[in-house]
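Colleague: As annotated in Swiss-Prot:
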BINDING   Cys107, Cys128, Cys362  [4Fe-4S] cluster binding site
Amino acid sequence: MEVAPALSTTQSDVAFQKVETHEIDRSSYLGPCYNSDELMQLISAYYNVEPLVGYLEQHPEYQNVTLQFPDDLIKDSSLIVRLLQSKFPHGKIKFWVLADTAYSACCVDEVAAEHVHAEVVVHFGDACLNAIQNLPVVYSFGTPFLDLALVVENFQRAFPDLSSKICLMANAPFSKHLSQLYNILKGDLHYTNIIYSQVNTSAVEEKFVTILDTFHVPEDVDQVGVFEKNSVLFGQHDKADNISPEDYHLFHLTTPQDPRLLYLSTVFQSVHIFDPALPGMVTGPFPSLMRRYKYMHVARTAGCIGILVNTLSLRNTRETINELVKLIKTREKKHYLFVVGKPNVAKLANFEDIDIWCILGCSQSGIIVDQFNEFYKPIITPYELNLALSEEVTWTGKWVVDFRDAIDEIEQNLGGQDTISASTTSDEPEFDVVRGRYTSTSRPLRALTHLELEAADDDDSKQLTTRHTASGAVIKGTVSTSASALQNRSWKGLGSDFDSTEVDNTGADIEEGISGVARGYGFDREDAMKKENK
């Protein structure tokens, strides 16, 4: 008999280890020689506490304020709360710290904020600035320490040719240093074809979005282009010149997340990364698009597709899901929808019936790029799934991750058709180019048009009308690929070894479970109210 699989997430020995020391190292962003006696002043300046206080004073209607920190800055949350509470005594404003984000740290966690009925979210650290659904947002990137002399030294070693076309880029916090780095390279070292990117604060047209940080642009620098929606390119080129990123080498401060890095590698000639936390320059290897092309062919012959939702805050998430479902059904494939926070190998391994995953997440860090083949099933994006399910597989060489662009591509692919064309409705198998053989299970929903099932005569029957096909089990007119896979397993979960001859006609007792969130379940609130009334 097979051993039951492990259904829990693996954890290391230090996952919940108690921290014994009270010393916290902040040299990576406050500098190696910061004075601990001036810690509160440095923290206040780094996190823009004074501008934040001014913002809250201008909006007295905000009484519940949530503070969202990434994992590497959560150690400063208590200090920030202490500084803010000193500015608003008598408990006029309640401050809540989001100690753990459900999805990507660069995105605003609206779901967690709504648990405490937040009226505004203050997001600290690096941010993707993607449009969200409802809540007002205040961004505070911070100004981390940077040794410019060390950066310039590594830059000169990587680019000895003064005429090379180079674009300077960084994440949101470190982008404040780019204008000064540009002046050194352009003015002192005489690099002639240098441009740099800056956060496009003017692109944030949302009424309830505020950026506390300020970005200095020298007077002799012109805007020469726009990179994506949230970055502006500056330089001393003629505005009439057409700035094409394909002509430039990228010099990036800090290491981008894998999805972001993959996108940048498809746009620029080459990518050079200098991370202040790591020694030396990194020039690869980077995630490759060649593996993505293979995954597209896997999706083309997949019978069961899992839609993996790794965000609940980004705008157009629901619209993208609806278009994906429509596309998958049109191609006569089965789909299942999963909402998973921080997906990992162990979580997704529990759903072995899924042939391929299509992930919806933030383009900066919410998309899984399986660079080392850790996951059991491939993971692709909506754009790649749309290319795979087209009538003919075409490879553009692009990597589109924006939801709005993906929706437009899917709508263009569907072309207003709700059903698959008659030429593809035959029972002929489809050739799987990855495994080099024909498969007849790539379109399980096609079987519905050939089945005529009759329900049981007894309306009180507890048995579902089931028929097994080559593609899956049909239960009351619905193809279930997971049910078919379950029937073929030797171990089917807890209770699978129950003696079927001992049938209890009364069935099991149904009990109502608990409701609410961990901060306060329903029965906790009821008990608290009873104690107050006594």
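Every residue gets a Cβ built from N, Cα and C, even glycine.
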Colleague: Would you count the other C-beta atoms found within 10 angstroms of the C-beta of Cys107 ([4Fe-4S] cluster binding site) for me?
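Modeller: Taking all protein chains shown, Cys107 ([4Fe-4S] cluster binding site) has 26 Cβ neighbours within 10 Å.
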Colleague: Setting Cys107, Cys128, Cys362 aside, what same-chain residues sit with their Cβ within 8 Å of the center of the Cβ atoms that define the [4Fe-4S] cluster site, listed in sequence order?
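Modeller: Here the nearby residues are Tyr103, Ser104, Cys106, Val108, Ala127, Asn130, Thr311, Leu314, Gly361, Ser363, Gln364, Ser365, Gly366.
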Colleague: Near Cys362 ([4Fe-4S] cluster binding site), which residues of its own chain have a C-beta under 8 A away, given they sit six or more steps off in sequence?
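Modeller: Long-range Cβ contacts: Tyr103, Ser104, Cys106, Cys107, Cys128, Asn130, Pro259, Asn310, Thr311, Leu314.
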Colleague: Note down the number of other Cβ atoms within 10 Å of the Cβ of Cys128 ([4Fe-4S] cluster binding site), including every protein chain shown.
Modeller: 20
Colleague: Which state, by DSSP, holds Cys362 ([4Fe-4S] cluster binding site): helix, strand or coil?
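Modeller: The residue in question, Cys362 ([4Fe-4S] cluster binding site), is coil (DSSP, three-state).
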